Structure formats: C-alpha cells, structure tokens
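Peer 1: Before I ask anything, here is the structure I am working with.
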Amino acid sequence: QMSANDCQDPPEYWTIHGLWPDKAEECNRTWHFNVSEIKDLMSDMRRYWPDVLHSSLNRTQFWKHEWDKHGTCAATLEVLNSQKKYFGKALELYQHVDLNNCLLKAGIKPSSSYYQMTAIKEALTRFYGVTPKIQCLPPEEGEKAQTIGQIEFCFTKELQLRNCTALKGESALMQADLKLGNEELSVCNDTLPTYYPSQVQ
C-alpha cells in the first residue's frame, strides 16, 4: 500500500503491532483515545510503533485503533490501567524482547535467499526459552515461498514470557485481525521455504 499513502521510508527493523489480551471480556468502550496522555512517549512511539498504513498529519490512527480495540480491555490489569501505562509497557516489553538483536545474533537477517521455518523457530526458542507464534504471508501465485510477516510473543498476566500455544477459538480471531492490505497473515507453514525480505515488494 506504499503508493497509496506517504510511507516514504518504512523502518528496516521490527516494530510493534500491539499488546493484546487473549480474552477480552471487560472492555471499556467509552474510554476514548487521547494522544496528549502519551506525549512523553511520542518519540519512542513514532520510532518503534509507527503507523505505516495510514497517511495523516500526526499518524495517530493506528494507536487509537489499538487502544480502542485492545488497550481498553488490557486496562483491567493494574499495570496497564491507563493509556500511558498501556503504551509505555508495550514499549518496555518491546525493548526487553529485543527481537532485532536476537535475530541478528542468530544470523537471521533479511536476504534474497530462503530460510527454513524450523531453523527460525529453533533460534527464537533457544534464545527466549519460549516458543513465539510466527505468522507469514502465504506464497503468491506461482511462488513456492511464504514471507515472514509477524512474530508474536505471549506473556502471562504478570508480563512474563510464556509459550504461545494456540488457545481454543483464538486462531480465527487472530486471523481476522491480521489483514495486511489485501493479504492475510496466518501461522507459518513449517515445510515451506521462507522469505525474510528487507522490504516487502
């Protein structure tokens, strides 16, 4: 969608999609997003949680969506019970996980050749001691390789890393949430060769 908006130079590093509670029973839908509450976090937000799909002057549409849909539910936890805490904690977890460094240390970097999905999984599991959920764009017509699109880490309510094992009914919900343009992200296929491009073409 780059041509449709003003996404000049997309970041060449992993950024944040969101911080999502698995079971969202108590969401306060009347709690509206207010960007002034996170003004202290702004430079980190722009850098690590950029909105590359919506062109707008202040590019807050993505954050508003994440707060409305997930933050208002996550706020049942005391450690996430304000906009500043929710966005601040997500940034903190991002720094703690440090995915960019982990992949580099494991020798996994953007390349025009393929990776084996099992090798990527093993490297991440070895590094973190837990299994993340890796999502891919399926091969385009006539292609044989999937493209790595998103890496999801799972946390306990105490915000400790835990294994991402699919919960009943969760996969349908996640896939509906993960439309990237016209493409759908889904859990990567272990047997398909995998692209890790520096930029999605």
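Glycine is no exception: its Cβ is also placed from the backbone N, Cα and C atoms.
Summarising the annotation, TrEMBL assigns active site to HIS17, GLU66, HIS70.
Quick one: how deep are these features, and who are their neighbours?
Peer 2: In sequence order, GLY18, LEU19 are the residues of the chain that are 6 or more apart from GLU66 (active site) and have a CB within less than 8 Å of its CB.
Here the Cβ of HIS70 (active site) has 21 other Cβ atoms within 10 Å, regardless of which shown protein chain they belong to.
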Peer 1: Would you mind listing, in sequence order, the residues at least six apart from HIS17 (active site) in the same chain with a Cβ closer than 8 Å to its Cβ?
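Peer 2: For HIS17 (active site), the qualifying residues are GLN150.
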